[in-house]
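Per Swiss-Prot, heme binding site is recorded for 23, and the stated evidence type is sequence analysis. The transmembrane segment feature in Swiss-Prot is assigned to 21-35.
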């Protein structure tokens, strides 16, 4: 026996005017907010990732590659000291 859950069918939702009035504002707003978050550099600050011009410095031009399995912590410390 299947019962009625009381939910609106999806087809009714996406064909309603109310759905498109709400989403015609929220979807572009989310896109613009994401674009501003990345373009202003706030994403780099929030997540702590280096900016594109900070990957290589004057003193360190090689790739910071971890090569040892057992001394990886020392290598990470060495790389972070050069920043």
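Each residue's number is its place along the chain shown, starting with 1.
Backbone N, Cα and C define each Cβ position, glycine as well.
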Long-range Cβ environment of the residue listed as 'heme binding site', under 8 Å and at least 6 residues apart: none
Can you see whether DSSP assigns residue 23 (heme binding site) to helix, strand or coil? helix
